[in-house]
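Q: Take a look at this one; I'll ask things after.
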Amino acid sequence: MLLPVPLLLGLVGLAAAEPTIYFKEQFLDGDGWTDRWIESKHKPDFGRFVLSSGKFYGDQEKDKGLQTSQDARFYALSARFEPFSNKGQTLVVQFTVKHEQNIDCGGGYVKLFPDGLDQTDMHGDSEYNIMFGPDICGPGTKKVHVIFNYKGKNVLINKDIRCKDDEFTHLYTLIVRPDNTYEVKIDNSQVESGSLEDDWDFLPPKKIKDPDAVKPEDWDERAKIDDPTDSKPEDWDKPEHIPDPDAKKPEDWDEEMDGEWEPPVIQNPEYKGEWKPRQIDNPDYKGTWIHPEIDNPEYSPDSNIYAYENFAVLGLDLWQVKSGTIFDNFLITNDEAYAEEFGNETWGVTKAAEKQMKDKQDEEQRLKEEEEEKKRKEEEEVDKEDEEDKDEDEEEEDEKEEEEEEDAAAGQAKDEL
């Protein structure tokens, strides 16, 4: 049966709008993740990931993710998916990160690798396509990395995107579009966007300074000049310091013993400093010379900056001083709307309950500390009273001993009489 053209076009449109999910991981099958994620053996002392929802959460099962478990370690873990190219379509990379340990220095980013990666040998120098996510180290580094590998070179974004640095779960999203634009979102809100060509140094500049252009010798960039009619007053030059006119040689000054007496010097009240002629507008002033630019012969536009031949592996390749970070809700797709919806259905559903649980724990901890402090003060007060009672007992004992000694001495004296 032939379908009407409008209906047929509608069905085609629905099919075209269907999102493609290249990778999704929520860790909802217990230890099943260990069959999908491969540990690198490049170093024998890589840190271990464990499945955990952490010390506080919105939903104990849904919030389970990969948690770093050992301090001061490098971590290297990855999962493979069916290779795909993002040529001609949007790429969306999304995941959640929770630094519940109040991280001081460590990465919270992911890397997307091409098909050729040996997962068992993945390490910090393994070539990747894209690196994206938060990185924190001390007060100076709290940024979201967005790094693209372009023609074998890792190119960093020219903008500073600040990441979240609290203890709660946050949703990070990178969108790369086939028109060479991008968008970075945190918690489903845009924090940065723009052009790949403008915000990364992928290509040589479109314009360069004309190598043949030279500033004219008579080009005067001085806005002000000395007034040629101004002259220094005749009485201007005075010494900065003069002998103190009120000083007198001490009466007991012996020049043979003390040398020739010289009065101390003081600041000269008539000293005016260095004379400088007054300034006037320069009649020959032409402004700052601007080096003329020309088209850069080495510049060549690239409409495929955004595109990669294939993506096949998502990896966690990072360093952490203090462990405890939880990664969850990984998603790689070609559909921005689906990614936003997925974020709302995962992070969005549990974020409020997570905060409530943390607030409750903090309040319980505060009350516990108050109770411990109260108990400590009470114990100190009891110890103080016991010490005072002990001192009183010792004083009474000393007084008693003194009385006994006095009585004994008196008795002895009486016997001697």
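The backbone N, Cα and C atoms fix where each Cβ goes, glycine too.
According to Swiss-Prot, the alpha-D-glucoside binding site annotation covers Tyr109, Lys111, Tyr128, Asp135, Asp317, on the basis of similarity to another entry. The annotation region '4 X approximate repeats' is assigned in Swiss-Prot to 191-255. Under the heading region 'Interaction with PPIB', Swiss-Prot lists 237-270. The feature region '3 X approximate repeats' is assigned by Swiss-Prot to 259-297. If you look up Swiss-Prot, you'll see 191-202 marked as repeat '1-1'. Sequence annotations record features per position, and here Swiss-Prot assigns repeat '1-2' to 210-221. The repeat '1-3' annotation in Swiss-Prot covers 227-238. Residues annotated as repeat '1-4' in Swiss-Prot: 244-255. Annotation comment: Swiss-Prot describes 259-269 as repeat '2-1'. The annotation repeat '2-2' is assigned in Swiss-Prot to 273-283. Look at Swiss-Prot and you will find 287-297 tagged as repeat '2-3'. Sequence annotations record features per position, and here Swiss-Prot assigns signal peptide to 1-17.
Each of these features: where is it, how hidden is it, and who are its neighbours?
A: Secondary structure at Asp135 (alpha-D-glucoside binding site), taken from DSSP and collapsed to helix, strand or coil, is strand. In sequence order, Gly106, Gly107, Gly108, Tyr109, Thr141, Lys142, Lys143, Val144, His145, Cys163 make up the list of same-chain residues 6 or more apart from Asp135 (alpha-D-glucoside binding site) whose Cβ falls under 8 Å from its Cβ.
For the region '4 X approximate repeats' (191-255), the number of residues in each DSSP class (helix H, G, I; strand E, B; coil) is 5 helix, 16 strand, 44 coil.
Residues 282, 284-289, 291-294 of the same chain sit 6 or more residues outside the repeat '1-2' (210-221) yet have a Cβ under 8 Å from a Cβ within it.
The repeat '2-1' (259-269) scores a mean pLDDT of 90 in the predicted structure.
Note: the repeat '2-2' (273-283) comprises 0 helix, 3 strand, 8 coil (DSSP; helix = H, G, I, strand = E, B).
Note on the repeat '2-3' (287-297): DSSP counts are 0 helix, 3 strand, 8 coil.
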Q: I'd like the number of other C-beta atoms within 10 A of the C-beta of Tyr109 (alpha-D-glucoside binding site), please.
A: 23
Q: Cβ-Cβ under 8 Å from Tyr128 (alpha-D-glucoside binding site), same chain, 6 or more residues apart: which ones?
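A: Result: Lys111, Leu112, Phe113, Pro114, Asn149, Gly315, Asp317.
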Q: Have a look around Asp317 (alpha-D-glucoside binding site) and count the other CB atoms within 10 A of its CB, chains all included.
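A: For Asp317 (alpha-D-glucoside binding site), the 10 Å Cβ neighbour count is 24.
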